[in-house]
Amino acid sequence: MELFRQCLLESTTKQSDLIEIFSAIDRDHSGRITFEEFRHTIKSLKLGIKNDEDIKHLFQQFDTTNNGQIDLDEFLKQLRPPINERRQKAILNLFNSIDVNNDGKLTVSDLKTKYAAQLKGIKKKSDEKVNQGLKNFLNKFDTRGQEDGIIDKDEFFGFCSMLSATIKDDIYFEHVLRTLFNFHF
């Protein structure tokens, strides 16, 4: 797994690159990678894995739902390298700064409180439109496909770890977090 991960991550600079790699492996464009598509990719990458049983074992590590296919979420989760302690701390600090009511969840209410000053500039829009915009923003972090406008720590860490997988430098990773959320830590 580590050899495959390193091979793919060396050729990427952002998460969208991993999505493009997924699309290239998904030759029938079904949105899922079959074993045959995966096997073809492993052999073409010349990773030294020639035995179909070893390829099948690697495939099964990606196919966490055991449905015989790898979807994009499964693919990205397996490619994410572990997040180092410095990045974990930055992510947790960011999450806690946005979770103003300290309930372990990010909601529209948290965003409205945290970013009240920035939201004053768009008061011309109705509260309903602002709420919907903030909910749409939160849904971008939804890693479970629920899109309920509520993001818990696991979902937030999941999103940030995908981002982390495509940024090699810790300082730059922290800069990206600060830029995305206008947060200083």
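FYI, residue positions are counted from 1 along the chain as it appears here.
Note: Cβ is positioned from N, Cα and C throughout, glycine not excepted.
TrEMBL: automatically predicted annotations, no manual curation.
Mean pLDDT of the predicted structure over the domain 'EF-hand' (13-48): 84. The domain 'EF-hand' annotation in TrEMBL covers 13-48 (among others).
As annotated by TrEMBL, domain 'EF-hand' applies to 50-85 (among others).
Below 8 angstroms of C-beta separation, residues 130-131, 134-135, 137-138, 141, 149-153, 156-157, 160-161, 164, 170, 173-174, 177, 181-183, 185 of the same chain, each at least six residues beyond the ends of the domain 'EF-hand' (86-121), sit close to that stretch. The feature domain 'EF-hand' is assigned by TrEMBL to 86-121 (among others).
Note: the domain 'EF-hand' (13-48) comprises 21 helix, 3 strand, 12 coil (DSSP; helix = H, G, I, strand = E, B).
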